[in-house]
């Protein structure tokens, strides 16, 4: 179904108390307006006209990778005026869908229903019935059909009793919408050009006006302050959690889980409380994710356990691995099958081979570590010389004792042993033992200093 979209995103959002344009505030880690843009792209919108005003530079920087037509509304004179700024770009015979950058949860199904409901010579709008309609434009019907929308400030006492309200979302052909917009005036309580007045214009011409309801009222809730944004965040997360539970993922507490990207899960996955998923994350079968862990743009293979409070970003973890607690895997980190990293271990651009382990207090950066290696507590790969990064290569079956510093570039051959406390600056051959320590001294009869009285 061919259509183009106008997204209204020019509002300042005063009640957000922020220097950032309202629509750039994030929901599930993504700007609200980006949710709307993505929905339009998923539905195959031919053109997306983004009407902006306040914070234009910030908007264009944040959405630099989006294929949108930027339309400036220099003065905020109402929703009708905003849409009219984009009207020169409308094709006469195309459907024009009007959406809002601060209404991020509208679904593809609801939009498709609205597009399908639009009469050939008329207009379709999205309405919702609310128990408390205060503040919304009321839908005025005459013996069934919609004949007008009356804003709260212009409504009579009788009209204020109406519970069916306008969401602002509508669709009409470009030719009709341009004509109706050209006929708007600002003779109302707010002195603005209301988009809603096009409904009365359509009715006056004898055009059909169809009303469609969303699947759920949360889809059309807008954001004017941080309280409303927080409410939508929880509603969105509840929806995401429900989908995962239906797919068989065990969320220990769905109310304490945040998905801020996409998650693919195998079978029998268990996710404990306060876990955050960001970017694109893939989790295999029989995986356990411990409480408080953060996973971003990473892959976790089958039968692996991520213990509590681990942070994994841009990393790959193989099968039957154990990570954490309190482990940080940074971009480029890779654990091969059966590898183990424990508490306060950090890896960056490093590979830990099959069956190898670094269980305590270790930094492995720019390193390639073979199979069956034991990395003792307190080991550091010294990869940075103040100007450039250098690589550490450790072969198979190497034992690195506690509190060693491996000053890169350095290579350790298969089966070598590095004694505890060693500062290694030269390559080590296969099977060698290397120890660098100051001579041990014993002082007999030594007395500790006495405390002053």
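Backbone N, Cα and C atoms are what each Cβ position is placed from, and that goes for glycine too.
Copied from Swiss-Prot, the annotated features are:
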REGION    1-226  region 'Pyrophosphorylase'
BINDING   8-11, 22, 73, 78-79, 100-102, 137, 151, 166, 224, 330, 348, 363, 374  UDP-N-acetyl-alpha-D-glucosamine binding site
BINDING   102, 224  Mg(2+) binding site
REGION    227-247  region 'Linker'
REGION    248-453  region 'N-acetyltransferase'
ACT_SITE  360  active site, proton acceptor
BINDING   377, 383, 384, 402, 420, 437  acetyl-CoA binding site
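The structure, with features from Swiss-Prot marked on it.
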residue: 11; record: UDP-N-acetyl-alpha-D-glucosamine binding site; DSSP class: coil
residue: 78; record: UDP-N-acetyl-alpha-D-glucosamine binding site; DSSP class: coil
residue: 102; record: Mg(2+) binding site; DSSP class: coil
residue: 330; record: UDP-N-acetyl-alpha-D-glucosamine binding site; DSSP class: coil
residue: 360; record: active site, proton acceptor; DSSP class: strand
residue: 374; record: UDP-N-acetyl-alpha-D-glucosamine binding site; DSSP class: strand
residue: 384; record: acetyl-CoA binding site; DSSP class: strand
residue: 402; record: acetyl-CoA binding site; DSSP class: coil
residue: 420; record: acetyl-CoA binding site; DSSP class: coil
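The record assigns 377, 383, 384, 402, 420, 437 to the acetyl-CoA binding site, and the maximum Cα to Cα distance across that set is 23 Å. Looking at residue 360 (active site, proton acceptor) and residue 377 (acetyl-CoA binding site), their Cα atoms lie 5 Å from each other.
With DSSP classes pooled into helix, strand and coil, the tally for the region 'Linker' (227-247) is 20 helix, 0 strand, 1 coil.
Per-residue confidence over the region 'Linker' (227-247) averages out at a pLDDT of 97. Each residue contributes its Cα atom, and for residue 383 (acetyl-CoA binding site) and residue 330 (UDP-N-acetyl-alpha-D-glucosamine binding site) those atoms are 15 Å apart.
Nearest Cα neighbour of residue 102 (Mg(2+) binding site) among the listed binding-site residues (8, 151, 437): 8.
Look at the Cβ of each of the binding-site residues 102, 151 and count the other Cβ atoms within 10 Å; the largest number goes with 102. The Cβ of residue 360 (active site, proton acceptor) has 16 neighbouring Cβ atoms from other residues within 10 Å, across all protein chains displayed.
Using CA atoms as reference points, the binding-site residues 384, 402, 420, 437 were checked against residue 374 (UDP-N-acetyl-alpha-D-glucosamine binding site), and the closest is 402.
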